[in-house]
Amino acid sequence: MSSDNGAPKEEFVDTHEDEGNDEEEISAMKRRVAEMEAEAAKLREMQATLDQQSNDLREDKEDIDARSIFVGNVDYGASPEEIQAHFQSCGSINRVTILLDKFTGHPKGFVPRPSILP
């Protein structure tokens, strides 16, 4: 590394090969960034779609709740068919649900929100 006069000897390195590799790495990184940006755009689009569907479901639930009623003090022996027949004059009935006690299996004595169409 030192020459005859004690001065350090300069080393020359061919950087053309390194520059070529650097350019390839940079272009590969640019391609990867472009792929990641495209993927991020797809994810944003999917999130927007899910948000819209969630809003639609919320509106549907609100619409269903607006057309539903709660009936209390229902006879324990009443069947869904009897309740539907009783409320038939109010409009088209989509569903009648009689809640049952989960331990005994007997009706609880009320009907939560049977859906009635106007």
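Placement of Cβ uses the backbone N, Cα and C atoms for every residue, glycine included.
Pulled from TrEMBL:
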- 1-27: region 'Disordered' (REGION)
- 16-26: compositional bias 'Acidic residues' (COMPBIAS)
- 67-110: domain 'RRM' (DOMAIN)
Legend entry - DSSP-derived helix, strand and coil totals, residue by residue, for the domain 'RRM' (67-110): 11 helix, 8 strand, 25 coil
Legend entry - Within the predicted model, mean pLDDT of the domain 'RRM' (67-110): 81
